[in-house]
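**Q** Can you keep this structure in mind? I'll have questions shortly.
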Amino acid sequence: MELAVGNLSEGNASWPEPPAPEPGPLFGIGVENFVTLVVFGLIFALGVLGNSLVITVLARSKPGKPRSTTNLFILNLSIADLAYLLFCIPFQATVYALPTWVLGAFICKFIHYFFTVSMLVSIFTLAAMSVDRYVAIVHSRRSSSLRVSRNALLGVGCIWALSIAMASPVAYHQGLFHPRASNQTFCWEQWPDPRHKKAYVVCTFVFGYLLPLLLICFCYAKVLNHLHKKLKNMSKKSEASKKKTAQTVLVVVVVFGISWLPHHIIHLWAEFGVFPLTPASFLFRITAHCLAYSNSSVNPIIYAFLSENFRKAYKQVFKCHIRKDSHLSDTKESKSRIDTPPSTNCTHV
């Protein structure tokens with residue numbers, strides 16, 4: 001369930017195209033569309049690089065050593081975000097670059113369906129991570145028996161199954177639309193009964209945004225309250241660490257809310273009100289698009305690169321590659337080194 005941006009907008013009726021923006025066209029697509037494509041490109045490049053690095057670091061676990069539950073959730077989040085960036089953004093960018101849909105019915109269904117699946121997987125994973133941290137800090141005595149890889153993998157499986165099921169109406173109702181007065185083709189949601197779409201939009205907002213956000217806030221509020229009570233018995237180093245955790249938590253909640261709130265506002269507005277078609281609303285929809293897409297790029301920064309341990313492991317990845325490349329070069333120069341194994345003194349997460 002994604003935002004439509006052509007002369008067809010959210011809803012079940014064909015709306016007239018909004019007034020054209022004042023600036024002239026750039027490369028034949030308009031200044032606003034060109035800027036949007038540039039932003040998409042930056043989000044794509046940053047997100048693919050960041051999520052690929054996260055996956056690489058987390059995949060380098062020591063043999064026989066189980067991954068932590070936190071790392072498993074971060075890995076799942078990065079895989080979902082990377083898949084979304086690779087499979088959705090390049091195709092969705094054609095909406096801004098071309099006046100009509102040219103990618104066929106399957107791609108039309110797939111990218112909008114996977115957009116919703118990825119959105120739900122990300123949100124549910126963030127909620128699962130908040131519960132995981134709550135158990136680890138507030139119920140530390142019982143956490144060792146609950147926070148095990150098997151339970152985390154089971155949670156990941158449930159997250160994907162639930163997301164795939166919740167997004168299925170999008171795959172069913174998304175399709176090609178051919179206006180009678182035009183030879184153009186659009187990729188658009190078509191619901192026979194408007195009441196069903198209203199119900200689905202509300203359910204997606206409640207179960208795919210509001211409740212997970214409330215759960216995240218509840219868990220982190222409990223965590224911060226627990227840490228505040230324990231601060232008196234902590235060393236300065238430990239106190240600084242807990243404050244860092246509190247700052248990260250604040251960033252997590254704020255970014256989560258900001259990234260997806262405009263997306264849901266537009267869908268609710270379109271279904272239960274009259275969404276205006278003006279240059280201002282057009283820019284608002286573009287902003288909502290970019291914010292939703294950027295969430296897949298900022299997650300690696302929030303959950304990985306703010307961690308000192310992760311940064312150290314990230315540096316070790318490059319050190320290991322440098323050592324291995326150096327060893328391969330040495331073996332070519334000296335036959336006496338052919339049987340010498342490469343250095344494996346690398347840190348794993």
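Note: Cβ is positioned from N, Cα and C throughout, glycine not excepted.
Values in this document were obtained by computation on a predicted structure and should not be read as measured data.
When I checked Swiss-Prot for this same protein, it listed these features:
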DISULFID  Cys108-Cys187  disulfide bond
CARBOHYD  Asn7  N-linked glycosylation site
CARBOHYD  Asn12  N-linked glycosylation site
CARBOHYD  Asn183  N-linked glycosylation site
LIPID     Cys320  S-palmitoyl cysteine
TOPO_DOM  1-36  topological domain 'Extracellular'
TOPO_DOM  58-70  topological domain 'Cytoplasmic'
TOPO_DOM  92-109  topological domain 'Extracellular'
TOPO_DOM  132-151  topological domain 'Cytoplasmic'
TOPO_DOM  173-200  topological domain 'Extracellular'
TOPO_DOM  222-248  topological domain 'Cytoplasmic'
TOPO_DOM  293-349  topological domain 'Cytoplasmic'
TRANSMEM  37-57  transmembrane segment
TRANSMEM  71-91  transmembrane segment
TRANSMEM  110-131  transmembrane segment
TRANSMEM  152-172  transmembrane segment
TRANSMEM  201-221  transmembrane segment
TRANSMEM  249-269  transmembrane segment
TRANSMEM  272-292  transmembrane segment
**Q** Sort Cys187 (disulfide bond) into helix, strand or coil using the DSSP assignment.
**A** strand
**Q** What's the most sparsely packed of the disulfide-bonded residues Cys108, Cys187, counting other C-beta atoms within 10 A?
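**A** Cys108, out of the disulfide-bonded residues Cys108, Cys187, has the fewest neighbouring Cβ atoms within 10 Å.
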**Q** Hey, which bits of the same chain come close to the transmembrane segment (201-221), Cβ under 8 Å, at least six residues off its ends?
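**A** Residues 1, 116, 119-120, 123-124, 126-127, 130-131, 133-134, 166, 249, 252-253, 256-257, 260-261, 264, 267-268, 271.
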**Q** Quick one: Cα separation, Asn183 (N-linked glycosylation site) versus Cys108 (disulfide bond), in Å?
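**A** Rounded to the nearest whole number, the Cα-Cα distance is 18 Å.
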**Q** By the DSSP assignment reduced to helix, strand and coil, which category contains Cys108 (disulfide bond)?
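**A** Once the DSSP labels are grouped into three classes, Cys108 (disulfide bond) ends up as helix.
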**Q** If you draw a 10 Å sphere around the Cβ of Asn183 (N-linked glycosylation site), how many other Cβ atoms fall inside it, taking every protein chain shown into account?
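**A** Around the Cβ of Asn183 (N-linked glycosylation site), 7 other Cβ atoms lie within 10 Å.
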**Q** For the topological domain 'Cytoplasmic' (132-151), could you work out the same-chain residues 6 or more beyond its ends whose Cβ comes under 8 Å from its Cβ atoms?
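**A** Residues packing against the topological domain 'Cytoplasmic' (132-151) from afar: 66-70, 72-73, 219-220, 222-223, 226-227.
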